[in-house]
Amino acid sequence: MSPAWWAWVATRDSLTARLIDAGAGRSFRVRLLAQRLGKPSLDEAQALGQPHGRLAWLREVALCLDERPWVVARSVAPLAQLRGQRLERLGERSLGSWLFRQPDLERSPIEVTAAPAPFHPLDGPWGRRSVFRHGRFAVLVQEFFLDQMADDLALPSR
Ligand SMILES: C=C(O[C@@H]1C=C(C(=O)O)C=C[C@H]1O)C(=O)O
């Protein structure tokens, strides 16, 4: 991985904040693609340490700068641990801007993949995921950087 991409993939603070920063005046928008109850994939259940087949709150978004998607993300929050957090009311506000305001937020190590997003057709160089926890609340956040971001920021292809 190029150092330029490593700087993006390895960052442990808010990606939303970093995208806004890198956007240098471009308008930032969370485009809500899907938000529903559903069953996580086996792979997602395992990443959360959950039995397969339990319901979770699923949210898919595109993080856009000047309406161009730079990152697509799919977040999975097990229902059993939601405890009335009412995340479905987030709408087009960034999950990150809520998450990073929570006290005692913990984040697991970040896992990286070169495979494209399984939930979205646009291609990109890298994907990553990690689990955030605060109290009993847990959410798996999977983020895929897109080629359009590489183009707009003149980043290497990988
Ligand atoms: C986790 C963060 O939130 C971002 C916002 C998301 C959303 O609104 O659904 C999803 C993934 C993240 O890229 C972050 O900013 O780091």
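Each position is counted from 1, following the chain as shown.
Placed from the backbone N, Cα and C atoms, the Cβ positions cover glycine too.
Of the listed candidates (ARG54, ARG59, ARG68), TrEMBL assigns ARG59 to the same substrate site as LEU95, GLU143.
Of all residue pairs in ARG59, LEU95, GLU143, the annotated binders of substrate, the farthest apart have Cα atoms separated by 12 Å. Other residues of the chain with a Cβ within 8 Å of the Cβ centroid of ARG59, LEU95, GLU143, the substrate site, are GLU60, VAL61, ALA73, ARG74, SER75, SER94, GLY96, VAL139, VAL141, GLN142.
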